[in-house]
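Below is one structure; the comments refer to it alone.
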Amino acid sequence: MNIPSNPKPAARSASRSHTKRGASPAAERPAASSDPTRDIAFDILRGVIENRRMLETTLLRSPEARAADTRDRAAAHRLAAAALRHLGTLTTALEPFLRKEPPEPVRAALLLGAAQLLYLETPPHAAVGTTVDLLRRRGLAPFAGLANAVLRRVATQGPAVLEGLDQERLDVPPWLWTSWKHLGPGVARVIARGLAHEAPLDISVRPDAEAPPEAERLPTGSWRLPAGTRVTTLPGFDEGAFWVQDAAAALPARLLAVQPGERVADLCAAPGGKTAQLANAGAVVTAIERDPARLERFKENIVRLKLDVTTICADATAWTPDAPLDAILLDAPCSATGTGRRHPDALWIKRPRDLEALTEGQDALLAAAFRMLKPGGRLVYAVCSLQKEEGPDRVAAALRIGFTADPFRPSELADIPEALTPEGWLRTHPGLWPELGGMDGFFAARFIRPA
Ligand SMILES: C[S@@+](CC[C@H](N)C(=O)[O-])C[C@H]1O[C@@H](n2cnc3c(N)ncnc32)[C@H](O)[C@@H]1O
C-alpha cells in the first residue's frame with residue numbers, strides 16, 4: 001500500500017507508557033458519550049487507510065453517517081478530507097513524538113487530532129480532549145494517555161516541525177509524483193500546491209437562467225463559490241437554474257461543439273453535468289449509464305434541470321444506437337487523479353496496477369464509440385485523470401482503432417489558452433488558475449470517424 005505507514009522508531013518519545021500515568025486532565029476525564037463528527041471522520045479515515053475504501057463509500061454505507069445530521073456529516077467529511085489531504089505531512093510530523101508504531105486505529109485517531117491542530121485551527125484543548133474521548137469510545141482507552149501526550153506536543157512543537165518539511169512532496173504519493181513528470185518540469189510541484197487546498201464550488205448555469213448573486217464568473221463562463229458552500233441552499237437550485245460542475249469539467253462537452261438537432265450520445269453520463277451541457281446546446285441526447293444507482297441520481301438532476309434527454313441503463317460497450325450518431329461524448333471512467341482536491345482519498349487509494357484495467361475499459365469504450373458514429377461523425381474523449389496512460393496513450397489507441405485526430409484550435413480555448421497542448425489536446429490540472437482557486441485535472445482529445 002502506498003499510504004504512508006509507519007513512523008520509524010524515533011529517538012524522542014512523548015510518552016513512555018500507553019497508560020494514563022502522568023496524563024493530563026484531558027486523558028483522565030470520562031469520555032463524552034457521543035461526537036458524531038469525529039466518530040464518522042475516524043471511520044472514514046480508517047476505511048481509506050486500512051481498507052482502501054473511498055471516503056464517499058463510508059459516508060453512504062455507514063449507519064452512523066446516514067443517521068447523522070447534515071452538518072455533522074459535512075464536518076466529518078471536512079475533517080477526514082483534511083487528514084487525507086495532508087496525510088504524508090501529518091504522518092511525518094507525528095514521527096518525532098512517537099517511540100514506536102501505534103496500532104492502525106490509534107494512528108488514525110492521532111492523524112485526525114494532528115489535522116485539527118495543524119490545519120483546521122481547532123483549539124488545542126478541544127483537539128486533544130476529543131481525540132482522547134474518541135479512543136475511549138472505541139475501546140482504545142489504554143492509548144488515551146499516549147494520544148494526550150503526543151497531541152499536546154504536536155500542539156506546541158508541530159508548527160515548527162512543519163516548517164522543516166517539504167509538504168507538497170510529502171502529500172502526493174511518490175508514484176504519482178514521478179508519473180506526473182510527463183506533464184513537464186516542475187508541474188508535479190505546481191499540482192501539489194493546488195492539491196493542498198479544498199476545492200471551491202463551481203456551477204454551470206443554464207443559458208436562460210441567472211447565477212446566484214454571490215457567485216463569481218470565471219474566464220471560461222463557469223461560476224465559482226467558496227469551498228464549503230452548500231449548493232442546495234443557493235437561490236435557483238430547486239428551480240434547476242444550475243448544476244454542480246468544476247470549471248475544467250465543463251470544457252470537454254463544449255469542445256464537442258454540438259449543433260441544435262444533432263443526434264448525440266453521452267456514453268458515461270452520470271451524474272449528468274456534461275449531458276446537461278449537450279442538451280442545453282440543443283442536441284438530441286441519449287445518455288447511457290451502466291450503474292443503476294448513479295442513473296437514478298442522473299435522472300433526478302435532469303428532472304430538476306427540466307431537460308429532455310433519453311436515458312438508458314446499459315453498458316455502453318454493448319449498446320447500439322438505432323441509427324449512426326452525429327457526435328459522441330465519452331467521459332470515460334478513470335483513475336480520477338485530477339480530482340484530488342475534492343477527493344484526496346482517491347490519490348492514496350489508487351495504485352499503478354489499477355491503470356491497466358482502466359485503460360482496457362477506455363479502449364473498449366473507444367472502439368464502441370467508433371462503431372456508433374456515422375462516417376464524418378466526431379468524438380470527444382475525456383478523463384479527469386493526470387495520468388499519461390489515460391490521456392496521450394489513449395489518443396494513440398484511438399488512432400489504432402481507426403479514428404483520425406481533430407485537434408482543438410486556439411480559438412476554441414481562447415479563454416483558457418494554457419489548457420491547449422502543442423498537439424491540440426486539452427490538459428488542465430489543479431495548479432492552473434492559482435489566483436482563482438485552481439481547477440480539476442482533465443484531459444480531452446477530439447477525433448473524427450473517417451468517411
Ligand atoms: C467520469 S463518470 C461520468 C461523469 C459524467 N459524464 C458527468 O459529467 O457528470 C463515469 C461514469 O461512467 C459510468 N460507466 C462506467 N463504465 C461504463 C460503461 N461501460 N457503460 C456505461 N457507463 C459506464 C460510471 O458508472 C460513471 O457514472
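Cβ atoms here come from the backbone N, Cα and C positions, even for glycine.
Just so you know, TrEMBL annotations never went through curation; they're auto-generated.
Keep in mind it's a predicted model, so treat the numbers as computed, not measured.
Per TrEMBL, the feature region 'Disordered' maps to 1-35.
Residues or ranges marked as compositional bias 'Low complexity' in TrEMBL: 23-35.
Under the heading domain 'SAM-dependent MTase RsmB/NOP-type', TrEMBL lists 176-450.
Non-local contacts of LYS274 (S-adenosyl-L-methionine binding site) by the CB criterion (under 8 A, 6+ apart in sequence, same chain) comprise ALA249, PRO252, ALA253, ASP266, LEU329, ASP331. Classification of LYS274 (S-adenosyl-L-methionine binding site) by DSSP places it within a helix. Marked as S-adenosyl-L-methionine binding site by TrEMBL: CYS268, ALA269, ALA270, PRO271, GLY272, GLY273, LYS274, GLU289, ASP315, ASP331.
What TrEMBL records for CYS384 is active site, nucleophile. CYS384 (active site, nucleophile) falls outside any helix or strand according to DSSP and counts as coil.
Counting other Cβ atoms within 10 Å of each Cβ, the lowest count among the recorded positions CYS268, ALA270, CYS384 belongs to CYS268. A distance of 15 Å separates the Cα atom of GLY272 (S-adenosyl-L-methionine binding site) from that of CYS384 (active site, nucleophile). A straight line from the CA of ASP315 (S-adenosyl-L-methionine binding site) to the CA of CYS384 (active site, nucleophile) spans 20 Å.
Neighbour count (other Cβ atoms within 10 Å of the Cβ, all protein chains): 14 for ASP315 (S-adenosyl-L-methionine binding site).
Those residues noted as binding S-adenosyl-L-methionine (CYS268, ALA269, ALA270, PRO271, GLY272, GLY273, LYS274, GLU289, ASP315, ASP331) have their most widely separated CA atoms at a distance of 19 Å.
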